[in-house]
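J.: There's a structure below that I have some questions on.
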Amino acid sequence: MRFDVITLFPDMVDAVMGHGVLGRAAEQGLVELVTWNPRDYATDRHRTVDDRPYGGGPGMVMKVEPVRAAIQAARAAGEPASVVYLTPEGQKLDGAGVAALADCGRIILLCGRYEGIDERLIELEVDQEISIGDYVVSGGELPAMVMMDAVARLLPGVLGHADSAAQDAFAEGLLDCPHYTRPEVVAGQGVPDVLLSGDHQAVARWRHREALGRTWRKRPDLLEQRGLSHEEQTLLEDYRREQDY
Ligand SMILES: NC(=O)c1ccc(NCc2ccccc2N2CCOCC2)nc1
């Protein structure tokens, strides 16, 4: 999958592909990142990409032409792609949205700075607006990096077997189960016996029960949406009994 990011801070965005899971995925050619800086497409001597807002008011607005030229250069450099604008006004990104994006062969991500981008650019070039949550950050780069990380993790081969197993609970619309590692006792606290039992079926059952119980406790709204199988109802009742709920 290829990500093209339109940004005034390419070095910032490059960092997401330099480490860990995504770093390896980029090395393996599973994910590719190309950045395009509107400042390289500004035609005036000062390479201006922003200007004062019509109607007055504080701050600056990103100009249409340099951004549009960068987008068009990106479009011309590969397969047809959807242009996604990261903005607080966008459609809220969730697991389903990430999965849909993972099916695109290529995405062009547009990162706003200053007070935002001239509305005419959005009308001319943007296919979909996406938000990573109901809060404002100083530019679209961090939301773009969050989205690229979430999407890349769903691509075949990016997560080894171990990690993809970790995806199970979340992919099933549940929170994760608790995790433990050595030493067996730390600060006087031990590890649930089932995890030391070597009984893989019992471990899987316990983990599923814990994922259900924690989802019920921390995010009951997710359970509402998801519904429970009969077996899961039983597991959740076990959990509540065991936790004295
Ligand atoms: N929730 C999100 O996905 C999200 C995305 C971007 C973003 N900021 C970039 C931005 C993009 C569009 C419009 C305004 C702005 N901002 C520019 C800086 O000033 C504040 C407004 N913030 C949060």
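Glycine residues also receive a Cβ, built from the backbone N, Cα and C atoms like all the rest.
When I checked TrEMBL for this same protein, it listed these features:
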DOMAIN    1-225  domain 'tRNA methyltransferase TRMD/TRM10-type'
BINDING   Gly112, Ile132, Gly133, Asp134, Tyr135, Val136, Val137  S-adenosyl-L-methionine binding site
J.: Out of Ile132, Val136, Val137, which of the binding-site residues is least crowded by other Cβ atoms within 10 Å?
T.: Val136
J.: Restricting attention to the domain 'tRNA methyltransferase TRMD/TRM10-type' (1-225), give the mean pLDDT.
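T.: Averaged over the domain 'tRNA methyltransferase TRMD/TRM10-type' (1-225), the predicted model reaches a pLDDT of 95.
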J.: Across the record's S-adenosyl-L-methionine-binding residues Gly112, Ile132, Gly133, Asp134, Tyr135, Val136, Val137, the largest CA-CA distance in angstrom?
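T.: Farthest Cα pair among residues binding S-adenosyl-L-methionine: 16 Å.
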J.: Of all the binding-site residues given, Gly112, Gly133, which has the fewest Cβ neighbours within 10 Å once its own Cβ is left out?
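T.: If we count Cβ atoms within 10 Å for the binding-site residues Gly112, Gly133, the smallest count is at Gly133.
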J.: Around Asp134 (S-adenosyl-L-methionine binding site), how many other C-beta atoms are within 10 angstroms of its C-beta?
T.: 7
